[in-house]
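Participant: Below you will find the structure I want to go over with you.
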Amino acid sequence: MQHRALVKHGTCFLHIAKGRVAYPCVSALWRDFTKRIAWDNCDDALVSSLPSTALTSSSDLFSTHSPSFAKLNRRDGAGGWSPLDSNEQQWLQVDLGDRLEIVAVATQGRYGSSDWVTSYTLMFSDTGRNWKQYRQDDTIWVFTGNNNADSVVHHKLLHSTKARFLRFIPLKWNAGGRIGLRVEVFGCSYNIADFDGRSSLLYRFNQKLMSTFKDVVSLKFKSMQGDGVLFHAEGQRGDYITLELQKGKLSLHINLGDSNLHFSNSHTSVTLSSLLDDQHWHSVLIERFNKQVNFTVDKHTQHFRTKGDSDHLDIDYELSFGGIPVPGKPGTFQRKNFHGCIENLYYNGVNIIDLAKRRKPQIYTVGNVTFSCSEPQIVPITFLSTSQSYLLLPGTPQIDGLSVSFQFRTWNKDGLFLSPFLGGQMHICGHKMEAKGGLKNTVISCTSFFTLSTCFLPGTNLHDGLWHSVNINARRHRITLTLDNNAATASHATTASRIYSGNSYYFGGCPDNFTNSQCLNPITAFQGCMRLIFIDNQPKDLILVQQGSLGNFSDLHIDLCGIKDRCLPNYCEHGGKCSQSWTTFYCDCNDTGYMGATCHNSIYEQSCEAYRHQGKTSGFFYIDSDGSGPLGPLRVFCNITEDKIWTAVQHNNTGLTRVQRADMEKPYTMFFNYNSSVEQLEAMINSAEYCEQEAAYHCKKSRLLNTPNGIPFAWWVGRANEKHLYWGGSLPGIQQCACGLEESCLDMRYFCNCDADREEWTNDTGLLAFKDHLPVTQIVITDTNRSNSEAYWLFSISIGTECSLFLFCWQFWNAASFNTEASYLHFPTFHAEVSADISFFFKTTATSGVFLENLGIKDFIRVEIRSPKEITFSIDVGNGPREATVQSPTPLNDNQWHYVRAERNLKQTSLQVDSLPKKVLEAPAEGHFRLQLNSQLFVGGTASRKKGFLGCIRSLHLNGQKLELEEKAKMTPGVKPGCPGHCSSYGNLCHNGGKCVEKYNGYSCDCTNSAYEGPFCKDEVSALFEAGTSVTYIFQEPYPVTKNASTSSSAIYVDAVISKEYITFSFLTAHTPSLLLYINTYFHEYLAVILSKNGSLQVRYKLSKDGLLIFTINSGNFANRELHHVKINREEKKKKEDSFFFFNAFLRKIIPSVFFCCTADSLPLDPEVSKANAYGFTGCLSSVQYNHIAPLKAALRHPSIAPVTVKGSLTESSCASIMEADVNTATTIYSSSGMSCQEGNGEFKVYCRVRFPSFLLSYHIMVPLTFVLASNPHFLQFLPKVFSRKQMMLLAFCMGKKAPDYSVESGCQYVCASPHPQLSSQHPGLSKVSALTHRRNVSCKFRMGNDTENENSLP
């Protein structure tokens, strides 16, 4: 009763009821209590009172050394037990006479001798058969023995066990003596019940209905079969709870009845564990509190919540254990009953078996339930090896016919069952996985060699670890093969010769190097368990085989089935699917986003920075911020710029929402969904150096923070669901906006513009950049319910009263320089018991040093450079040190960045260095596997007095978590934050003449002298030329293109002697003849590239002393609307060899960003050049480079400062996209004589139907904009956060303002309306203007009045 009171009224339950303590507290309470119940007063010495015959052994040296003298502290006989031979096959066995609880063991050596055991293992059994090894931490546990003959070494078992028989297996003994042993076992008795498969116990309540909000059920069971109900209870409202074995797994079904829910909606089922039909004991604990349930089988626990709204379990007057009797039908059960034994069965503190033994009225017995556990004499055997294991059993030869049957269980897909020699013929029977018609089946086949007849029997997943039976019968010429006693699916075959029984049957395999034709194995040997072997209808006693008096065997465990479920627990991470063989497990990582032996490694990079180092440009990518951690990948937009690498994450609130009638009582609330979890966003933000979200509040008679001292009318909620009262541009904790800090508010009495509460539109805009508060998850607005107060909500455009928030972050290198061998950084212990991965970059000039090290009592982990060409990853998890070493063909101490990734999991230890072949060490199938570390983690140094590291380490991650090297380095002597010298490793990422520029924490590419642009100088600059368009570049003193431009490389001086040329460009046209390029000097020297009328390409040039030289390429018509690339090299005013002058024609996608053209002026020309010049060039030119000058890029990017002249209409475009569209379609117009837009005055309205860039939006929205430009000078400065360059220019065109310079995005559509002053003056009837983009080519059109059918082009 004390037990019951504690469970029902313990403080843990009371606290839970008040909502102050989580439910797992119940689990801790119950485990502590049951452990105390089991072990308090359970320390009786069990061996000392046993008769001498209860102790047996594998052998004894003399009668005076027999096991009868092996009781603890005995001195008679020879003072203990010693076997005939001291080897690992010896054992000492104790028969306790009954199944008892065993909690501890003790050992001594043989009295007064030099014989003692220094280490041993334990095995348990209920029958003296079918032994089970004692395991701890899922490993066969090795106990420490004695170091002399007489001292007693006592071991308390971490997990108590119950058994009748116990064996001590000596592993090591005193080197100067023999095995010598005296033992004691400590424990006590307990309650047990035996169910025969047709019986059950019913526990009946005092009242008709029992309603509980908490339940605790505990028991231990041992099953003779894979299916059966252990307990069941149900109620009239549909409530029920059932614990049931199904195919060796334990399923818990719960339904908390709810009249408002359909039965199937409130049903909850959870399945745990496997192989529970192994005739060994398994523990079960079920704890329920309301809808929260903890379900534990052995050491595996699953926490879950039941479905439905009900918290109570309403059951009728009884619970049944062992089966579900049918009411009114004695001896009839609804499902298959449990067949086996149950012990220590408690329901809410009530000892059910104790009540049944004492015949209490609450218990009703159905069928035959006994209170001792019957043990069937079934002896299993385990085939351990696929090469050496076999079992030879004799048969009775020359009997007419054959009958062999057995049961097996295995995880392997293939294996030999049987190879008998029958009547002069060889037969084999085995199983093999086959795939037919897309379905995989395991096929059992028996083949008769010499007659070549085969009997096939398909089965489904016979390598599922469950017991399956095979029966082989033959009479005369007919063979019958039956699986799982299913006669309906039996397979038959006919042989030419009669079949007689044989005298030898080989099971599982053949003897090693066996040449006798009596055993043949054409497939893999069987690896698994067998039992109940019958030959000629006679059972075979496998204990006689063990004793050597029957048959023969090799590499077997007899009286033990050593099957193990290696997928429980599932060590495949991130949702990987586990499968297994007998010796290992495998992980299917498909569709998980992860890879590796255990699906541990993300297939994605951890940041946009990592993609940049691969040479990637801006675009959408998946990043996995915590790498191998539990968080999944996140889709982001990586904006890889010349200066920083921005990571942009979008959210869902992008539609236009008008906010009205919002006040304190009925606030307007907007929630942000970033299409990711909060944990994913936090991981990304935490790994970044800087993050920002822009907040803009445009207001008309709508107050924001109600400054200076009022209660705010708007606020935002960030990380950890915290409410924040500061606005973008201000500081945390300060109730102000940006203008308040800058003292620039419209009304200096307030700290926000909107708080002035004016009738005109105004705004408060700024950046939220305090990382610990981001991301923004919610916005609340409460002041739009007054007269003339209105609001609009839109994702990014600031309209009315709204906030635009879009999360941007940028990464940093996170590096540290170690300047002395004694310097190091230290971090908390690296906890990675089951799996560990370490990745970092390093560069050094030292010959050796330790990158990092973490120690335990015995275990350790270390990564080091041992020599200039050798990186080593060392680890010890308790099985001895293992080292993975990668040898590099070139020195690694070359002061270049190198990448290292070391990983350890249950299957492998691996080391990767740069792109060298990975070194992989397979993990042992058995042994210790948990890495136990307890010291600090040392980075750049060591605690084991090894040589420290000299050099730089950056981007160090352990199990996906970044270590803050720079912050630690700021506080550590001998270590400095950051690392210099990045261009030596990453300079090759700067292409097309771009120069690598060193930065404190990285590098950038200077594209000043390149015809390309972008972060890696890979974005081509291309332009569309119409008839009459030309670009002229005059060589002169260098112009300052950028602040870091090189004077010597920016231009060519007028009086310079040009001794060589390097010319590259790409072109696309459909017109001939054409003049592509013309270069001349004051000395009447020139070089021209033209397309002849037939489409061939000519290079014509004339030097002062030489005549006209002409190179013609006639490999096709190059005016074919395809993109062609030209490279020309000339040196010393002479024609180079063919290797220096070449032409390549190929189709290539050009990034749509720039264009170029050069045409000749009115100069004396040769006839062919003059003819081509008369036609000019119509088409697209791209990435024009002349030595160190990029004329086309200068014309497009720096027309006001570069010595360049543009005639006609030059249109920036993409040559690649023009191949898909009309080459004459224009986009943005650049012209020295074109229209210049003037800013309009007064108020105007713009209606834009916008298809935003895909990284912002994926659908169209209508945006009404009403602005007074004079009062909103910041408006266009805000829009570039949302719009691209071309979109900005189009929108500004409608608004009458020039747009800032921003990058181009495709697929945008705008419809602008108002009368616009400039447009109205030119087109009085104009009411709508549309700028349509298609394939990155834009044409501006207008509609007259409401006419949507007829559109006319703007001039």
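Keep in mind that glycine also has a Cβ here, set from the backbone N, Cα and C atoms.
TrEMBL annotations: computationally assigned, not manually curated.
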Participant: Which cysteine out of C809, C952, C1007, C1017 is the one TrEMBL pairs with C979 in a disulfide?
Facilitator: C952
Participant: Residues with Cβ closer than 8 Å to the Cβ of C952 (disulfide bond), same chain and 6+ apart in sequence?
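Facilitator: A815, A816, S817, F818, F842, K843, T844, C979 - these are the non-local Cβ neighbours of C952 (disulfide bond), listed in sequence order.
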Participant: Should anything in the same chain at least six residues away from the domain 'EGF-like' (563-600) have a Cβ under 8 Å from its Cβ atoms, list it; otherwise answer none.
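Facilitator: Beyond its ends, the domain 'EGF-like' (563-600) has Cβ neighbours at 273-275, 278, 300, 382, 409-413, 465, 527-529, 622, 624, 628, 630, 632-633, 834-835, 837, 903, 905-908, 925.
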Participant: Over all shown protein chains, what is the count of other CB atoms within 10 A of the CB belonging to C979 (disulfide bond)?
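Facilitator: Result for C979 (disulfide bond): 24 other Cβ atoms within 10 Å.
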Participant: For the domain 'F5/8 type C' (42-188), how many residues does DSSP put in helix, in strand and in coil?
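Facilitator: Here the numbers are 9 helix, 70 strand, 68 coil.
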